[in-house]
Each structure stands twice: as C-alpha cells, then as structure tokens.
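Quick look at what TrEMBL lists:
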type	residues	note
DOMAIN	38-423	domain 'Amino acid transporter transmembrane'
TRANSMEM	74-96	transmembrane segment
TRANSMEM	133-155	transmembrane segment
TRANSMEM	167-185	transmembrane segment
TRANSMEM	192-215	transmembrane segment
TRANSMEM	227-249	transmembrane segment
TRANSMEM	261-284	transmembrane segment
TRANSMEM	304-323	transmembrane segment
TRANSMEM	343-360	transmembrane segment
TRANSMEM	366-387	transmembrane segment
TRANSMEM	408-431	transmembrane segment
Amino acid sequence: MASGSDKVETVIVGNYVEMETEGEPKGIKSKVSNLFWHGGSVYDAWFSCASNQVAQVLLTLPYSFSQLGMLSGILFQLFYGLLGSWTAYLISILYVEYRTRREREKVDFRNHVIQWFEVLDGLLGKHWRNVGLAFNCTFLLFGSVIQLIACASNIYYINDNLDKRTWTYIFGACCATTVFIPSFHNYRIWSFLGLIMTTYSAWYLTIASLLHGQVEGVKHSGPTKLVLYFTGATNILYTFGGHAVTVEIMHAMWKPQKFKAIYLIATLYVLTLTLPSAAAVYWAFGDMLLNHSNAFSLLPRTPFRDMAFITFGFACTPLYFVWEKAIGMHECKSLCKRAAARLPVVVPIWFLAIIFPFFGPINSTVGSLLVSFTVYIIPALAHIFTFRSAIARENAVEQPPKYFGRWVGTYTINVFVVVWVLIVGFGFGGWASMTNFIHQIDTFGLFTKCYQCPPTALAASPPPPNHGLNATAAAPLQHPFNHTHRP
C-alpha cells in the first residue's frame, strides 16, 4: 500500500463561475439576468437532467406498453432507469477525472465547454475520441430530429388545420432560435419550464385517461410478436438514455463534483411521471395504441390537452459546440457571430425530420443503433479501460463506494451493462426496430405529409356530403378521437 506522500495530490475540480460574470457589480439588471439566464447550481443541473431525460418520449411510452404489455413495460422502465443512472454516474466520474488531470496542468476551461469526445481523447486517446464523436454527434442529430417531429405531432393535435409536415417547417424555424443560447449555463428558465410542462403533460395523460375510462371492447393483448416486444423495449432504452449531454450539463455547473447523484434523483422523479401516465393510457385504450404512437391522438380535444406542450432545444446545443470547434468559432466572444455560424447545423435536422416523420418507430431505431453505444456501452468500456491499471485505480480522483463493491463490483456491473445492451439493446432491439422502421417506410413512404393522421372526410367514407354532426365542420380533419388509423 503506497503512503500518502506517494499519491498524486487531489485537486478539487473547477469551482468557478463563468468569466463573463466575474467582478461585475450586482445591480438590478444583473440580478434579473442571474435569476433567468445564469444557472450553474445543483438545482439547475437537476432541472436540465429531468426535463431532458424524458421530454417528448413521454408521449410514446403508452405505445411501448401496448407492444410490451403492462408488466414488461413497468419492469423495463425500472431496469433501464437504473442502468441509465449507472452509466450517467460513470460519465460524471470520467469527466471529473479528465478535468482534474487537465487542471493540474494549469489548463483553464472558462472559455471552453468540455464535451464527451474530449474526455475520451484525454483519458484514452484519439481512437476512442473518434468513435465517441461519431456516435455522440449522430445520436444528438437524430435526437434533435425526434424532438422536432414530436413538436409538429403535438401541435397537429391542437390545430389540425395544417398537416404535420407544415408544422415541421414552422417548428424547424422556431428550433433555429436556439442558436442564440450560448451554453447549458444559460438554460435555467427553459429547463425549469420544460420540466413544469413535462410534469403537466404526464399528469394530464394520467388523469384524462382515468376519467375517460376504458374504451368499449378494450383489449390488452401485448406482447404478441417479438418484433413489437423488442421495439417497445428499445424505446424505453432510448427514454432513459438522455444523458448524452451529461458532460455539457456538468461543465455548466459551478461545482461539477456535486453532480454524482443528480441523475439518479432526476430518474426517480421521471419514473413518477412515466409509470402512471403510460399505465393509465394503456389501461384505457389497450391495443388501439399500436396504431397511435402519440398518446395525445386518442384523448379528446380540451383546453387542458392543448396546454400540454413539451419544450425542446437541449439536443441541438452540443452539436453547436462541436461545429464551432470544427470551424474555429468556439472561443469567439460575439454571440451574433456564433449564432450565425451555428445555423448550418439546423438545416440537416429540419431536412431529416421531413424525410422520416415516424414519431415512435424512429425513437426505437435511434435507441437500438445509437443510444446503446453512445450512453451505455462506450461509457462502461471507457471506465474499464481508464482504470485498468493498479496505479490508475489507486490515484483515481473518485474511488468507487463500498456499496458498489469497490473496483470489483464496479467492473462486474460495467461488464453486465456492456453484454446486456450489446445483445438485447443493439442485437435484438436493432433487428426489431429496423424491421418496424422499414415497415413504416413501406406503408407511409418517405416525406409522408401527415404520418398517422386520421383520413379526411372524403377519404374516410364515400357517403353523401351531409353527415349530421360533421356537416358543420369547417375543416375536414375535425375528427373523432377514437378513430382507427391506417396500419
């Protein structure tokens, strides 16, 4: 056992506020700005983690329950919630390790946002960096696409005078305004509002479904097919894989070393939203959800439902950082120049959302092919290889706690995560989600104008134009809400 003098000195990782706020007088304007704009506390990190973790996926979880069945749906949420919290913990440990090593070398990060691929580069070398960068950027790109598709889908069920593709155009323009948000340090008000609206949406789904009651002849036949079963499971894998932005959220904190338990607490809170809402909607509508990937589509239009917006923007920000670093604009102090440089990132997001508007199936595909590696397999392997030597383990900034079994227990859990996600998440999940995704393309086609929209009055039935209650409808898509969509 080495003596204390032989060990590398411990350095408390970055404990500072952004350079721009140092030394400034605390006037009224500054206090208001700090209240709404400058967030780096533990609470800000919790708001960011909780609101970013579930977001629009909340609306597809009842769809997953119809594929999995009630029991499997609940068990997979609990299991992947724990698995996601574990790998988020690993990412936080690796971030603190990397940043501490660099700060021992007198590197100052106040004008630089550390990202996951840089952590991999500093700890394990360029090959790990390249793999991490490829998976992380691709996942965040499609994560932004999914958020954009979700916004268009949600607003369609509030105002169906425009089709979902048109709403995608509109929300793509809205999404472009996120180029003006410098970093996660400036998401305080948005992450707070995002969590409030996600909470409202979840409890609206729960209460509205219970008040609605079960539809006539409701059936709960899931699981019926392996393809559907593993598709549903990978959507839940995706739900609790929202920690691809963990490093950016930690870097925005004034005291990043306090992050360790934040993601677990955020996950526990998210489970209080996802379990009741998914179970209640599935109980009320059963197998109808197999053709309704957005839970809003089955609930009647009311002012309460129309209030259930879910904010977006988190997934775009890390992509902006990568792009800025690639073109040499990351340390530019002009917000307008950085915003202009970021705009090209929005274009492929917009375009892909129009090509693949398959809200629900696309979540599972991204979950199996990208999330499985980005936030589960790579962090677990990176932790194993970073601390593979006895010297690295002895000098680690953060030692594994006793209740994890120290290093042996940690390595055992990491190996289990890698094997499980590789076989079940990527293997079976990839097969099932790709099969389902290709089926959606064959059924609806690329660039489909309105995915899973109800048929218009003329397409729905050929009878005469006078339809009693429907005769006065101004727009043909004023539809009943217990309809059946195309398969």
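Using N, Cα and C of the backbone, Cβ positions are placed for all residues, glycine too.
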Other same-chain positions with a Cβ less than 8 Å from the transmembrane segment (167-185) and lying at least 6 residues past its termini are 18, 38-40, 48, 113, 144, 147-149, 151-153, 155-156, 245, 248-249, 251-252, 312-314, 316-317, 320-321, 335, 338-340, 342-343, 345-346, 349-350, 353-354, 357
Worksheet entry | Result, the transmembrane segment (261-284) in contact with the transmembrane segment (366-387) (3+ CB pairs under 8 Å) | no
Checklist line | Cβ pairs under 8 Å between the transmembrane segment (261-284) and the transmembrane segment (192-215), at least three | finding: yes
Checking 192-215, 227-249, 408-431 against the transmembrane segment (133-155) for Cβ pairs under 8 Å, the most are found for 227-249
